[in-house]
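Participant: I am attaching a structure below and will ask some questions about it afterwards.
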Amino acid sequence: MDSRTTLISATAASLCFILCICMTNGELQRFIEPAKSDGSVSFITIGDWGRRGDYNQSVVAYQMGRVGEKIGLDFVVSTGDNFYDNGLFSEHDPNFRESFSNIYTAPSLQKQWYSVLGNHDYRGDAEAQLSTVLREIDSRWTCLRSFIVDAELVEIFFVDTTPFVKEYYTEEDGHTYDWRAVPSRNSYVKYLLRDVEASLKRSKATWKIVVGHHAMRSIGHHGNTVELVEELLPIMKENGVDLYMNGHDHCLEHISDEDSPIQFLTSGAGSKAWRGDVDPTTNNPKSVRFYYDGQGFMSARFTHSDAEIVFYNVFGEVLHKWVTSKELLHSSV
C-alpha cells in the first residue's frame with residue numbers, strides 16, 4: 001500500500017469517526033405532539049409488521065384503526081423491524097407503499113408514525129428509512145435513529161438499540177448489517193447513552209417512556225438483551241423512566257422490573273407471530289404480568305395522574321389491561 005492510499009484510508013477513517021460522534025453529539029432531535037384539550041395523550045404501539053399485508057398484517061391494521069378511533073389516537077409508535085425480510089433496498093423500494101401506505105389506511109391512523117430501526121431494517125439500506133424521500137411519499141412517516149417525541153405530559157425517548165447488540169458485528173447469525181453510520185460500536189453507543197441520559201435528566205414530563213426495538217426483559221424467542229440491561233437500564237432507573245416499550249420478539253407481553261417501578265412492554269406482533277416459542281425461565285415468573293404468543297398490538301393513554309395500557313389480539317379483543325396512578329402510586333391489572 002503506497003503512502004497516498006494510506007493517507008486516503010486514514011482520512012476516511014477519521015471522517016467516519018467524526019460522523020459517528022456528530023450523529024450522537026448534543027440533544028436528541030425533538031418532535032412536538034400537543035396533548036388534547038382534555039390534557040390526555042393516546043397512542044398505539046406496533047412492531048415487527050412490514051410484510052405487504054401477509055401474516056394477518058392487514059387484519060391487525062384494521063383493528064388498529066378501530067381502536068385508534070375509539071381512543072382518539074394522537075400518533076403511532078413503531079418499535080422497529082418495519083420492513084421484512086431485509087428492510088428496504090432504497091428509498092424507492094415499493095415495499096414502503098406495499099407494507100405501510102397501502103396497509104394502514106384507516107382514517108384514525110392518518111396521524112404521525114414515529115419509528116425506530118430494528119435489526120431487520122439494518123440488514124437492508126438503513127439510510128433509506130431515514131430519507132426525506134419517504135416523507136414525500138407518505139407524510140406520516142418519521143424515522144430516525146434516536147430522537148424524542150414531546151407530548152407535554154409524556155416524553156418518549158426513542159433509542160437505536162441495534163448497534164448495542166455485539167453479536168450483529170460478528171455476523172454469526174448469517175446476515176450482514178448496514179453499519180455505514182456506525183463505524184465504531186463502542187463510540188456510537190457511548191455517545192448515544194450520554195445524550196439519552198442528558199435528555200432524561202432535563203425532562204420535566206410527568207411520564208417518561210423509552211422506546212427501542214430490542215427487549216430488555218422478555219420470555220419470548222430472543223429473551224433479554226444483555227447489552228441493554230447492562231448499559232441502558234441503569235440510566236433509565238436513575239432518571240425516573242416509567243415504561244420501556246419494544247418489539248423484536250413477535251409477541252405481546254408485560255413484565256415488571258424486580259427492583260424499580262419500570263414496566264417492560266413488548267409489542268412485536270404486528271404480523272408474523274411465533275406460536276409456542278416461549279421460555280418462562282429467562283425471567284422471574286412473578287414479574288411476568290402477561291404474555292401472548294399471537295398477533296396484535298398495544299394502546300396507551302396518559303393523563304397527568306393516570307396511565308392505561310391495553311393489549312389487543314388480531315380480533316381487536318382486549319387481552320390485558322394495566323392501569324397505574326402517579327398520585328396514588330397504586331397499580332392494578
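Each Cβ is built from the backbone N, Cα and C atoms, and glycine gets one as well.
Features from TrEMBL:
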{"type": "BINDING", "residues": "Asp48, Asp81, Tyr84, His250", "note": "Fe cation 1 binding site"}
{"type": "BINDING", "residues": "Asp81, Asn119, His213, His248", "note": "Fe cation 2 binding site"}
{"type": "DOMAIN", "residues": "43-251", "note": "domain 'Calcineurin-like phosphoesterase'"}
Participant: Note down the number of other Cβ atoms within 10 Å of the Cβ of Tyr84 (Fe cation 1 binding site), including every protein chain shown.
Facilitator: 23
Participant: Closest of the binding-site residues to Asp48 (Fe cation 1 binding site), Cα to Cα, picking from Asn119, His213, His248?
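Facilitator: Looking at Cα distances from Asp48 (Fe cation 1 binding site), the smallest one goes to His248.
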Participant: To the nearest whole angstrom, state the Cα distance for the pair His248 (Fe cation 2 binding site) and Tyr84 (Fe cation 1 binding site).
Facilitator: 12
Participant: Could you tell me the mean pLDDT the prediction assigns to the domain 'Calcineurin-like phosphoesterase' (43-251)?
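Facilitator: Residues in the domain 'Calcineurin-like phosphoesterase' (43-251) carry a mean pLDDT of 97 in this prediction.
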Participant: If you count other Cβ atoms within 10 Å of each one's Cβ, which of the binding-site residues His213, His248, His250 has the most?
Facilitator: His213
Participant: Under 8 Å Cβ-Cβ from Asn119 (Fe cation 2 binding site), six or more apart in the same chain: what's there?
Facilitator: Gly80, Asp81, Thr162, Val165, Tyr168, Tyr177, His213, His214, His248
Participant: At a 10 Å cut-off from the C-beta of Asp81 (Fe cation 1 binding site), count the other C-beta atoms across all protein chains.
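Facilitator: A 10 Å sphere around the Cβ of Asp81 (Fe cation 1 binding site) contains 30 other Cβ atoms.
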Participant: Around the Fe cation 1 site formed by Asp48, Asp81, Tyr84, His250, list the extra residues of the same chain whose Cβ is within 8 Å of the site's Cβ centroid.
Facilitator: Gly47, Trp49, Gly50, Arg51, Gly118, His120, Gly247, His248, Gly268, Gly270, Ser271, Lys272
